[in-house]
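Listed features, source Swiss-Prot:
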MOD_RES   PRO3  N-acetylproline
MOD_RES   LYS14  N6,N6,N6-trimethyllysine
BINDING   ASN123, THR173, LYS177, ARG295, HIS327, SER379  substrate binding site
ACT_SITE  LYS175  active site, proton acceptor
MOD_RES   LYS201  N6-carboxylysine
BINDING   LYS201, ASP203, GLU204  Mg(2+) binding site
ACT_SITE  HIS294  active site, proton acceptor
SITE      LYS334  site 'Transition state stabilizer'
Amino acid sequence: MSPQTETKASVGFKAGVKEYKLAYYTPEYETKDTDILAAFRVTPQPGVPPEEAGAAVAAESSTGTWTTVWTDGLTSLDRYKGRCYHIEPVPGETDQYICYVAYPLDLFEEGSVTNMFTSIVGNAFGFKALRALRLEDLRISPAYIKTFQGPPHGIQVERDKLNKYGRPLLGCTIKPKLGLSAKNYGRACYECLRGGLDFTKDDENVNSQPFMRWRDRFLFCAEAIYKSQAETGEIKGHYLNATAGTCEEMMKRAVFARELGVPIIMHDYLTGGFTANTSLAHYCRDNGLLLHIHRAMHAVIDRQKNHGIHFRVLAKALRMSGGDHIHSGTVVGKLEGERDITLGFVDLLRDDFIEKDRSRGIYFTQDWVSLPGVIPVASGGIHVWHMPALTEIFGDDSVLQFGGGTLGHPWGNAPGAVANRVALEACVKARNEGRDLAQEGNEIIHEACKWSPELAAACEVWREIVFNFAAVDVLDK
């Protein structure tokens with residue numbers, strides 16, 4: 001070894017293991033407008049200080065590793081490393097902390113949700129020094145957002161395509177979700193659309209199974225759309241699920257849907273993956289298709305309060321990757337969804353600028369810099385008695401989707417659709433007249449029953465159906 005090499009080694013590199021907090025905990029750091037900011041709920045192992053735990057998350061999700069390496073000297077760690085810049089205890093918890101981490105923009109590939117998540121949540125969640133770790137929120141910088149196309153069309157363009165204004169849209173998931181032949185499936189779609197719904201929907205696991213291959217389903221559903229449009233004079237749609245085992249097969253199904261002239265297709269974005277979803281969103285914009293997104297598998301990731309990724313992060317990621325609709329919970333139905341939290345990420349989906357509001361679980365102010373909005377879809381265990389609450393909670397820019405609440409009507413599918421449409425129109429009319437849907441909802445529905453026997457029958461069937469279970473994911477008090 002030459003003297004020159006010996007001098008460089010002794011000055012620039014010292015082997016060994018250092019505490020993460022020496023390099024990655026920087027409370028004096030002032031965040032930049034271009035930084036991507038993350039709020040992690042950290043539960044350290046006993047004996048691990050929160051500063052070390054937060055710094056470990058910052059290190060393992062950016063430039064750090066478990067030991068000092070000589071190649072650190074070949075780059076500028078100060079330019080590229082993540083920094084834990086603030087830590088606060090979680091109210092009511094003795095061993096949990098919110099650790100805020102800032103990531104330089106250059107760590108991420110432009111226009112790639114896949115790369116963003118691979119960095120931020122790809123490795124740190126298995127770190128032994130942590131008992132649990134949850135990504136609560138992200139602040140996506142405007143500079144990074146501008147590298148994404150986002151939703152294929154957005155809320156206003158969708159309304160213009162459908163020529164439907166001033167009310168929520170109505171949908172129905174066809175049940176049973178598995179087992180119907182393509183012809184019977186198409187028949188159910190036609191009956192629901194003819195009865196007054198705007199959309200019918202493939203369930204998330206309807207792809208191309210032996211009992212109903214995708215091409216047959218697409219053809220019969222397209223027939224249902226055109227027949228119901230001719231009879232009602234309204235534009236109709238069916239969410240044709242293009243999700244497949246390969247991206248090539250997915251795109252083939254999307255192309256066939258476009259050739260049929262249908263207005264909307266569907267993708268399961270978490271099981272299908274962000275790369276596939278972004279590719280499909282680009283195709284949909286280029287070819288005039290709306291894109292409905294199902295969040296199948298989300299509860300595996302977001303249900304636990306102290307570990308995983310909160311759905312508000314998955315919702316932001318979807319807006320970046322691309323989708324015109326996404327399921328968002330109902331607040332009042334059978335699926336998890338606390339009101340303030342749900343409305344927090346509903347605003348993150350729809351609005352252009354959202355202020356920080358910890359009372360709704362929003363950790364950062366988010367500016368979407370004109371990225372199109374996404375329509376939230378309320379679906380899961382809802383029926384006509386829920387209509388006033390759903391209209392009041394979600395407002396006009398939403399899809400209210402009744403599966404069993406349409407197809408379970410005692411008189412059949414079309415009367416079930418009629419009941420839902422009448423209930424919705426009654427609620428919108430009452431709201432526009434200044435009535436309080438939260439206080440007068442049942443009275444409004446009862447009044448509408450007098451001139452709609454279909455609604456009266458639905459109200460009788462579901463008058464005692466409730467889902468009274470405590471939410472798991474609640475705000476910290």
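Note: Cβ is positioned from N, Cα and C throughout, glycine not excepted.
Shown here: features listed in Swiss-Prot, placed on the structure.
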residue	record	DSSP (3 states)
ASN123	substrate binding site	coil
LYS175	active site, proton acceptor	coil
LYS201	N6-carboxylysine	strand
HIS294	active site, proton acceptor	strand
HIS327	substrate binding site	strand
SER379	substrate binding site	strand
**Item:** Cα separation, HIS327 (substrate binding site) to ASP203 (Mg(2+) binding site) (Å, whole number)
**Value:** 12
**Distance, GLU204 (Mg(2+) binding site) to LYS177 (substrate binding site) (CA atoms, angstrom)** = 8
**Asked** Sequence gap of 6 or more, C-beta under 8 Å: which same-chain residues meet both conditions with respect to LYS175 (active site, proton acceptor)?
**Response** ASP203, GLY403, GLY404, LEU407
**Message:** Quiz question: given the recorded positions LYS177, HIS294, ARG295, HIS327, which has the greatest number of C-beta atoms lying within 10 angstroms of its own C-beta?
**Reply:** HIS294
**Inter-residue Cα distance where the pair is HIS294 (active site, proton acceptor) and SER379 (substrate binding site), in Å** = 10
**Prompt:** From the centroid of the CB atoms of LYS201, ASP203, GLU204, the recorded Mg(2+) site, which same-chain residues not already listed sit within 8 A by their CB, in sequence order?
**Reply:** THR173, ILE174, LYS177, ASP202, ASN205, VAL206, TYR239, ASN241, MET266, HIS294
**Asked** Including all protein chains shown, what's the count of other C-beta atoms within 10 A of the C-beta of ASP203 (Mg(2+) binding site)?
**Response** 19
**Prompt:** Ranking the binding-site residues ASN123, THR173, SER379 by other Cβ atoms within 10 Å, which is at the bottom?
**Reply:** ASN123
**Message:** With every protein chain in view, what's the tally of Cβ atoms within 10 Å of the Cβ of the residue listed as 'N6-carboxylysine', excluding that atom itself?
**Reply:** 29
